[in-house]
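Heads up, the thing below is written out as structure tokens.
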């Protein structure tokens with residue numbers, strides 16, 4: 001029988017409040033395999049992020065979408081003072097495990113990890129005088145749906161995130177190239193700029209429209225899982241994640257508004273300066289905002 005319900009996430013994943021799309025544990029486990037550890041980060045990404053933070057004299061960093069902690073671990077290893085938060089306790093357990101395993105290293109013993117929600121971030125996180133940099137990378141912000149249909153929760157979340165940045169500090173936030181996805185129905189053909197994973201076998205893209213407006217993009221991942229076959233051979237695991245399709249122009253307006261317009265803003269396409277109409281089609285847009293007041 002045909003399933004008449006369009007499932008936006010893998011079964012067992014929470015659907016109330018800010019959705020934890022990794023709540024069943026299995027998606028979190030497979031995602032950890034997919035992204036790997038800090039060694040699986042591309043050299044280009046690592047060099048770009050570390051260079052950006054050091055160029056602006058950043059030391060105290062808030063990772064507002066730390067997931068399993070892979071970016072935070074990289075920053076802690078590089079000498080930054082890091083606070084890491086995420087709404088998914090299933091994802092955070094991997095970060096907490098790494099901190100425990102490396103607790104004898106002072107930098108890891110001082111690493112702060114908390115569960116927090118973007119919609120209540122101003123209450124969940126004590127920012128003090130603000131962080132030198134706040135990062136929200138890996139298409140993480142697109143996990144927040146537009147439940148009310150007016151993007152009010154997007155605006156609230158971005159305002160809360162921006163409030164964590166000290167005057168003169170940075171917000172670094174990204175999203176996939178949804179302009180391309182919505183116009184073609186598939187993701188750009190380039191490589192993943194963040195992960196060197198060789199376990200991905202297939203990613204299927206679907207676009208859900210409501211009243212002729214793109215409302216959601218779902219990605220169905222098929223990932224090779226080593227040693228799960230009956231004879232010890234690799235098996236396969238599938239899971240679905242849903243995202244709000246932020247287009248470049250509209251997201252630019254949202255994120256600038258979060259700072260009340262008091263910011264310097266630049267857009268990169270796959271870590272390179274982006275110019276509308278350029279020949280190269282980026283997989284990700286990265287927004288770098290410097291708070292000016």
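Glycine is treated like the rest: Cβ placed from N, Cα and C.
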Record feature phosphoserine (Swiss-Prot), assigned residue among 10, 140, 183: 10
Annotated N6-succinyllysine residue, as Swiss-Prot has it, among 97, 123, 191: 191
196, 213, 238 - residue that Swiss-Prot labels as N6-succinyllysine: 196
Rounded Cα-Cα span from residue 46 (N6-succinyllysine) to residue 65 (S-adenosyl-L-methionine binding site), Å: 17
Most Cβ neighbours inside 10 Å, all chains, among the binding-site residues 87, 137: 87
